[in-house]
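Each remark here refers to the structure printed beneath this line.
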Amino acid sequence: MNQKTHAGDARRGRLAVVQRFAVAEWGTLFGTVWERLRTKKFAAVPMATGATLLILAFSIVQHLPHGEQLVERVGVVKAAQPLDVSLLRTPFSLFVPALDLPVWGALAQVLLVFGIAEIVLGRRATVVIAYACTLAGTLFARIGVRIGPEHLFGFPSSVAHLRDTGPSAAVVALAVCVAWKTRAWATGTGVVVVMVAEVIAIPNLAGMEHLVAITTAVLLAATAEVFGSYWPRVLNGVGAARLFAGQRTA
């Protein structure tokens with residue numbers, strides 16, 4: 001009897017530890033997201049919904065006759081392209097899924113991660129982070145091809161002709177920023193560890209771009225942490241000074 005009681009107490013103790021960890025790790029995130037979705041449902045994430053539909057549209061078009069050529073001209077980025085062409089196509093390249101992978105994975109990732117980011121970070125921050133981290137990966141690929149495989153972060157010339165598209169870099173970056181914002185440190189660390197393990201196990205361009213996206217995301221999150229409230233305070237001070245000056249002149 002005593003052994004059964006002791007075993008039950010041990011299980012309850014472990015369960016309590018898990019519950020405390022879950023609340024500390026995801027309590028803020030879950031509460032924020034659930035409250036918005038409960039009151040507004042899909043209206044809470046119009047940008048994430050639109051991005052998901054855009055990926056689906058690109059996927060359908062590129063599998064139609066002559067559709068792949070159209071998508072190539074609109075949203076496919078390659079390191080071999082002129083820089084201005086790559087910069088023009090990069091915003092659309094984020095929504096062009098891989099030809100050789102099921103599109104459902106990309107759709108689920110974008111709807112989930114972009115949706116959470118839209119609620120937690122805000123639409124403007126979500127767009128900035130997604131674009132900046134995707135662009136950082138694209139520029140990294142160009143630089144890697146330019147310096148060549150004899151350098152640590154260089155790539156062979158064949159990489160210059162690979163399609164450099166898809167939302168994965170943006171998804172990884174947004175996941176890290178959401179984890180930072182909600183102080184879900186274990187989750188953010190887990191994302192980083194998985195991406196590093198992926199590069200070690202299967203070295204490829206996409207994996208390296210994920211690490212570049214994570215680095216960019218951390219820099220953006222740290223900058224927002226340090227300077228995020230600086231300009232609002234400055235603008236509030238300017239507004240208060242104008243109000244005071246107006247009262248003095250009146």
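Including glycine, each Cβ sits where the backbone N, Cα and C put it.
Whatever TrEMBL says is automated annotation, not expert-curated.
If you check TrEMBL, you get these features:
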type: TRANSMEM; residues: 42-61; note: transmembrane segment
type: TRANSMEM; residues: 101-121; note: transmembrane segment
type: TRANSMEM; residues: 128-145; note: transmembrane segment
type: TRANSMEM; residues: 165-182; note: transmembrane segment
type: TRANSMEM; residues: 189-206; note: transmembrane segment
type: TRANSMEM; residues: 212-232; note: transmembrane segment
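With pairs at least 6 apart in sequence, the transmembrane segment (42-61) and the transmembrane segment (128-145) have fewer than 3 Cβ pairs within the 8 Å limit; the two do not touch. Stretch with the most C-beta contacts under 8 angstroms to the transmembrane segment (212-232), considering only 42-61, 101-121, 165-182, 189-206: 165-182.
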